[in-house]
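The block underneath contains the structure these notes are about, expressed in structure tokens.
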């Protein structure tokens, strides 16, 4: 049986599953939306009986299929027993974001026909919790725009099916917008000198040289970076040794535009020299 890369995209309605599927299609995956979970084994069986150069597949499966929740566990287990390896990506967003998105699109939530929107959202969370618990990756899209979500999903899809190296995501954020869900390590850099209070730097970001110089050249920053890099050098290989596939390192300042962005860039460059699968994103830089 030829080794296939199979990605299952699922999660809460309105959390960005269609955007995620489009991202993988742009990355070269053969994509199917709303495939009944019971048809997945037959689809893969036919694929292995066919001469084809297509080896990467992505499927969106969710509550639009009435029997999805009752069937997915047995189907996924049977596929694993047959030797298939697949990755489940579960997308979610906070309630306020989902409500806003539904208000903007004027679409009906699949579980809100006889209930209010908020009740439908909460019921879906409850129903999908067993699937969320077995997902390989949980992505909170609450504070991601379309381009950021696409980039994140494509980064995941670009990895090899058999990961020999841990995938590390370095993320800058602003504490005023909340700590990123799913972050494994959170570093608060609000103790560093703040460029926000320097008039000529206030409207710049940590991607620009004047801000980077202001933040990174301070003695306290240099001392902090040395200690933080030592900690990461100690922890990351041990996470990998324990079989952890993903590690998210979140660096936060007040607004997520200056200090955290500058420091996250240094952390990214450092880790990129040690691990093959490292990505960098700035959650709140455009706020």
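Each Cβ is built from the backbone N, Cα and C atoms, and glycine gets one as well.
Cβ contacts within 10 Å of residue 14 (ATP binding site), excluding its own Cβ and spanning all protein chains shown: 25. Annotated ATP binding site per Swiss-Prot: 11, 12, 13, 14, 15, 16, 17, 18, in sequence order.
The Cβ neighbour count for residue 62 (GTP binding site), using a 10 Å radius and every protein chain shown, is 23. The annotation GTP binding site is assigned in Swiss-Prot to 62, 63, 64, 65 on the grounds of sequence analysis.
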Per-residue Cβ crowding (10 Å cut-off), top of binding-site residues 17, 64: 17
Which of 12, 63, all binding-site residues, has a Cβ with the fewest other Cβ atoms inside 10 Å: 63
Position of peak Cβ density within 10 Å, selected from the binding-site residues 13, 15, 18: 15
